[in-house]
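Colleague: The following block contains the structure, expressed as structure tokens.
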Amino acid sequence: SPRSAFFRIGQMSNVDLDDELLDPVSARLVPYPSPLTTHPFFLWGCRPAGALDIDKFTERGGLSFSLLLWATLNSAFVLVGSAIVAFVEPVAAGSGIPQIKCFLNGVKIPHVVRLKTLVIKVSGVILSVVGGLAVGKEGPMIHSGSVIAAGISQGRSTSLKRDFKIFEYFRRDTEKRDFVSAGAAAGVSAAFGAPVGGVLFSLEEGASFWNQFLTWRIFFASMISTFTLNFVLSIYHGNIWDLSSPGLINFGRFDTETMVYTIHEIPIFIAMGVVGGILGAVFNALNYWLTMFRIRYIHRPCLQVIEAMLVAAVTATVAFVLIYSSRDCQPLQGSSVSYPLQLFCADGEYNSMAAAFFNTPEKSVVSLFHDPPGSYNPVTLGLFTLVYFFLACWTYGLTVSAGVFIPSLLIGAAWGRLFGISLSYVTGAAIWADPGKYALMGAAAQLGGIVRMTLSLTVIMMEATSNPTYGLPFLLVPCFGLYDMHIQLQSVPFLHWEAPVTSHSLTARYGGTVASIHVSQDERECTMDLSEFMNPSPYTVPQEASLPRVFKLFRALGLRHLVVVDNCNQVVGLVTRKDLARYRLGKGGLEELSLAQT
């Protein structure tokens with residue numbers, strides 16, 4: 001029969017075109033080439049009949065060309081994704097969660113909930129994921145949900161410069177914040193299929209002003225988001241009546257009969273939580289110093305785009321080197337890998353390191369959760385964890401639209417599975433037999449260690465795995481988080497839940513005073529009706545009011561300014577959010593921070 005050899009991404013094979021391969025999913029023979037052995041994006045290079053095998057092809061520089069093409073394609077996608085963010089709408093960079101937290105805290109960040117931001121955010125995250133960066137799309141989904149909710153509540157679009165004359169009742173800051181809270185919860189619900197987790201995320205990470213009436217509103221929005229997603233997925237899968245699809249990210253079902261845990265494992269889960277907290281602290285510290293470097297030296301848009309392209313090229317190169325040097329070959333039969341890559345492995349085997357990098361991050365997480373014991377070599381898991389940890393740390397903070405949820409879960413799942421394999425080797429007991437259980441706990445520990453979520457993370461993981469049995473371990477493993485750190489780096493006047501504990505000695509008299517304004521004679525003759533912009537009954541505090549009391553008024557009422565009066569009810573000053581947010585408890589006591597002029 002005629003012969004031909006195809007060089008795919010990291011794969012070279014000489015086969016008959018009439019050969020048959022074993023389908024690992026259905027255990028039946030399928031003609032070659034088939035989707036099982038062809039990468040979904042590209043079919044690279046074609047050699048004439050009778051060509052040399054992969055080793056001699058490598059000596060001729062074939063793999064070098066593949067690396068160059070892979071790095072170039074990734075950099076091209078990231079170039080476009082980074083350029084539209086840097087030059088069109090910079091506020092669309094990152095996950096958007098820190099900006100939404102600030103907005104819900106009462107800080108107005110320009111353009112954060114505009115239609116143009118939504119378009120750039122969605123386009124940018126698609127290009128970032130296609131470009132092979134160590135990113136996720138969950139954070140941008142939360143930001144996108146918030147933008148949609150803000151636009152609906154106002155009934156008008158600043159980007160389109162159109163007023164649709166609807167929902168005018170909701171055109172107040174308090175109502176707009178409530179809608180944005182519901183949009184953030186709907187984004188979590190759509191991403192993870194976790195409506196309750198979405199409500200708790202909005203409560204724990206987002207909303208600063210909460211009440212019972214808002215709870216059912218947000219829960220209703222989350223349920224509608226889940227239903228809409230199920231309906232769209234049912235149409236996509238060709239079964240319009242099936243409304244039982246999970247969220248966009250499906251961790252699969254964990255069988256409680258085969259993946260049991262005992263009371264003896266609870267201390268181990270706590271130890272994993274400590275490891276996740278330490279790794280999360282290291283991740284945040286490295287990302288902090290990297291962000292400080294970017295603020296000082298990479299502040300021009302062109303430099304930001306170049307850095308993003310560099311990260312894309314380095315990510316492809318490092319992954320290629322790891323795949324090339326790995327000899328971790330696993331049998332195809334019984335594997336759940338969607339696109340197995342053979343590379344230097346024997347026929348009927350695939351390279352597990354290549355599978356970890358070439359599958360989508362979501363599929364890689366599911367594989368680490370559910371693949372049977374022996375599917376990964378400990379060396380492969382260790383190298384992948386180390387490399388992906390630093391790649392994700394370098395990537396978060398680039399001028400691209402990207403989230404950190406899935407990279408955190410993937411890092412934790414990798415070292416968690418390695419942890420389970422190590423326990424199996426050390427103890428030799430059947431209780432440690434399933435490393436997928438420890439991959440799940442490691443994923444929760446790593447995500448909690450980086451973003452410092454506890455309540456919402458527990459519920460999201462329970463809903464995403466459709467198993468409440470692991471509720472207590474999820475609560476135990478998570479441990480100032482990544483989002484709060486980036487808020488501080490941007491010098492935003494963000495008010496935390498409580499005032500600094502040593503601030504009781506400060507009073508409202510330390511706030512800003514009303515400065516003298518010089519008005520010329522001509523200006524005094526000019527008149528302007530500002531009555532519609534004036535508040536006839538503003539909130540006031542006496543100048544002896546303590547800072548914690550003023551702090552609580554700002555938090556509870558969502559104020560941006562507070563008038564300070566003396567004993568005769570005469571205005572003597574004005575306290576702003578920046579006056580309060582600049583104080584924090586440092587090593588030397590109460591310290592003042594410099595804040596951005598926003």
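Glycine too: its Cβ is placed from the backbone N, Cα and C atoms.
What TrEMBL records for this protein is below:
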DOMAIN    534-592  domain 'CBS'
TRANSMEM  67-88  transmembrane segment
TRANSMEM  179-202  transmembrane segment
TRANSMEM  214-236  transmembrane segment
TRANSMEM  266-290  transmembrane segment
TRANSMEM  302-324  transmembrane segment
TRANSMEM  379-397  transmembrane segment
TRANSMEM  409-432  transmembrane segment
TRANSMEM  438-460  transmembrane segment
Colleague: Are there 3 or more C-beta pairs under 8 Å linking the transmembrane segment (179-202) with the transmembrane segment (379-397), counting only pairs at least 6 apart in sequence?
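Modeller: Touching, no - the transmembrane segment (379-397) and the transmembrane segment (179-202) miss the threshold of 3 or more Cβ pairs under 8 Å.
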Colleague: If you count every Cβ pair below 8 Å, which range out of 67-88, 179-202, 214-236, 266-290, 438-460 shares the most with the transmembrane segment (302-324)?
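Modeller: Looking at each of 67-88, 179-202, 214-236, 266-290, 438-460 in turn, the most contacts to the transmembrane segment (302-324) are made by 67-88.
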Colleague: At a C-beta cut-off of under 8 Å, are there same-chain residues at least 6 beyond the transmembrane segment (179-202) that contact it? List them, or none.
Modeller: 100, 103-104, 113, 137-138, 141-150, 152-153, 170, 214-215, 217-219, 221-226, 228-229, 245-250, 405, 453, 455-456, 459-460, 462-464
Colleague: Who are the chain neighbours of the transmembrane segment (214-236) in space, where the CB to CB distance is under 8 Å and they lie at least 6 residues beyond its ends?
Modeller: 145, 149, 178, 181-183, 185-190, 193, 195-196, 198-199, 202, 207, 242-245, 247-248
Colleague: Tell me, roughly as an integer, the mean pLDDT over the domain 'CBS' (534-592).
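Modeller: Taking every residue of the domain 'CBS' (534-592) together, the mean pLDDT is 74.
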